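A short write-up of the structure that comes next.
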Amino acid sequence: MRQQPDSQREGGTRCESARDLEDAGGPGRNERGCRYMIPGHEYTNPEYCTETHPEMEVIQADPGEEWVWINFIHSGAHHSLAISIDDHEFWVVGADGEFVHPQKVVRTHVNLGERTSILVKLDKPAGDYALRLHSLRSEQMIQGAGILRYAATKDLSKTSNRTVPNTKPWLHLNGSLVDPANKVMEETRLSPFPPRPPPQKADFTLKFTVNNTGPSTWVLNAAPHEFFRQNVPPILWNEKSRGKTHPFHKHNHKVFVIGQGQGGFPWKDVDDAIKHGGGKYFNLVNPPYRDGFTLQAGEGKFVVVRYKIYFPAVSMLHCHMIHHFASGQQVILLEGMEVMPPVPEELKNKPHVEFQMPPRYGPLD
């Protein structure tokens, strides 16, 4: 077995038929798969699809290899992705750099800022098989593709690698299963291997609101995070918290995703929730151990994470969707400050003292 190296390659554009786009995403889509006919919104700039054919990424198995290990790192800022390989089931064996109890599936997925690792058994006839990445967001029906290539007797060195292999996909264009009987990766079952139980008690409980207070303002606490000199305390859970699905990422210390549910979080803390009928929402035995977590869409949905502070840090917790992040959905966590060395007086109040906002600032320009 050989681990495939991480790599990046410029994506191409393949135009789907209007019928395929409508079948996958419903009516009102332009040539690029974008949903533009939204009631109450008018768009005047038409979007057209022009095909390009750069070479695709090729994952090449050497002669005699029986397994291939593939790492996926989602460094994007908008689309959650479903991953499949035509004609192949595979094992999900890693998440965010940690081994997990394996799951045999035909589809896994990575949200923004996440990593996943899979093992693929090379037990099919030699040749090329399409590796597909589908967006799971409804705004645009879009798919990326690569090639899983078995060792073959014929010379493939002059193959252009510009055409998606004509192999049988597991998924529709929108990332849903062609055959609902097939299995997809279950995120709540990505428990660490070997086992790593979470802390059974928490010293502090912090509750954050996720809300959309305006067309360009997302919050993770009482007010949107300010780019400079922000100082807003967290507030309690707000039952009116709502919004689209939010892929959250936490810096410095990984978290155990110990609970999720709906109906708001009316309890004081996890112990209180378990004592008063909320135990069904929690897993304190073998929960996933991740860099982040996903808060599902819908009013009153909640996620509970627990983590241990191993070293003092100033850590950010933020939504990984770039327009949510840039419009305020982030918070700074001061962790282990009681053992943090004192800040020298000459450094206090120094950052950004004379900083002027540049005309173009950040990834949304």
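Cβ atoms here come from the backbone N, Cα and C positions, even for glycine.
Keep in mind that what you see is a predicted model, and the values were worked out from it rather than measured.
Annotated features in TrEMBL:
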REGION    1-33  region 'Disordered'
COMPBIAS  7-22  compositional bias 'Basic and acidic residues'
DOMAIN    38-151  domain 'Plastocyanin-like'
DOMAIN    220-329  domain 'Plastocyanin-like'
Mean of the pLDDT scores, which run from 0 to 100, over the domain 'Plastocyanin-like' (220-329):
79
With DSSP as the reference, give the number of residues of the domain 'Plastocyanin-like' (38-151) in helix, strand and coil.
0 helix, 58 strand, 56 coil
